[in-house]
Structures are given as structure tokens and as C-alpha cells.
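Copied over from TrEMBL:
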TRANSMEM  42-61  transmembrane segment
TRANSMEM  73-93  transmembrane segment
TRANSMEM  140-160  transmembrane segment
TRANSMEM  181-199  transmembrane segment
TRANSMEM  211-233  transmembrane segment
């Protein structure tokens, strides 16, 4: 499967300035490092495995989501750096796989299904992993709210593909690139400032955990949903 099935040349539109002017040039440079015999789906699968590794790594150090709470043993700082770097590497590989497919002229519809099928699982892994930054407790997020956030992210994923199904074009949501870069930065910053830095209010009595929750919901309801409906209508 990994050797003979590759990404399809589906039509995609990416209007995110971060992706257009920063990430795509970066990915164009990175893809030249890979040999042409390397199957694009192997790149896709490798990036996905990095997310899975991050998930199990944090599950080992933070099995009950209390490690970031006050008066609990915190995750070692070095682990945050590893998780941050691997998250960015996974994001990079996800951006490079399609370029490798077009570069080697090895695109197939089944490859697209493989790529987006793994992306659907990634919606769970990266949300649950970043949850350990705040965790539970007085300064954290309840498990019920985490459950709702998982559904919000999955809703955005499904909505984007419903949009592609009806329009024939995959309009990549703005929130994806920004969220992945931000998450990677937050992991690494946490290693240097400690989880205690997230205890303090961000603005007035508005905690960082509230900012985390509000950003996910706001991106889905004020950006992804309106743009998907607009593109469908248009």
C-alpha cells in the first residue's frame, strides 16, 4: 500500500497568507530533500506516526491529565521540546506529501483517501495531546469541555470535506496552519516558562485555558462554517 498508492491531484485552494507566503515556500524547499523513489504515502504515514508517538508520550507522563495542575508532578521540560518539534515535523510532512506526489507524478484517488483518512484520526491525537498543556484542575479544562472541543475540530474537518464533495475544490481552512504552528510554539514555550505560566490570567480574569477553548470554537463558527457555506452557495 505504501509503495504503490499515492496522493491524488485533487483541486485545492489555500488562501491562508501564512501558508501561501511562509509554509509553501518552506515545503517546496523541504520536498527536494526527499529522493524521488520515496512513496508520498510513506511520508504521510510517517507524519501520522509522529502524532501517535506524541500522544503516547504524553499519555505516559500525563495519564490522567493532571500533570499540569497545581500541586502535581509536572511533565519534564525536555518532553515539551520533543513534543513541539515532532508536532511541527508531522505538520511539515503533511504539507510535503502532496508535493512529493505531484513531483513524482504518482497521484491516485486512493492515496487521497489514505491521506485524509489519517488526517481524520489526527484530529483526535493533536487535540488530546495539546490538552495536557492545561490539563484538569482549577486552572485547567474539564474533560467534558475537551470532549466538546474534539467534536468541534472533527466538525470542521467533516465540513471542509463536505464542502469539497459539493464544490469539487478543497478550500483549506485558515485555522489549520495557524493552529499547528501555534501549538508547536506553545509546547516549546512551555518547556522554558513552565506550565505555571498558564495559571496567570491572560486578560482580566480570562485565563489561557479560556483563550485556548475560545480560539477553537471561534475558528470553527466564525471562519470555517461561514466560509464553507459561502463557497457552497457560490
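Every residue gets a Cβ built from N, Cα and C, even glycine.
Counted over residue pairs separated by six or more positions, the transmembrane segment (140-160) shares fewer than 3 Cβ pairs under 8 angstroms with the transmembrane segment (42-61), which leaves the two as not touching. Beyond the ends of the transmembrane segment (181-199), by six or more residues, the same chain brings 18, 67-68, 70, 74-75, 77-81, 83-85, 87-88, 91, 126, 130, 133-135, 139, 207-209 to within a C-beta distance below 8 angstroms of the stretch.
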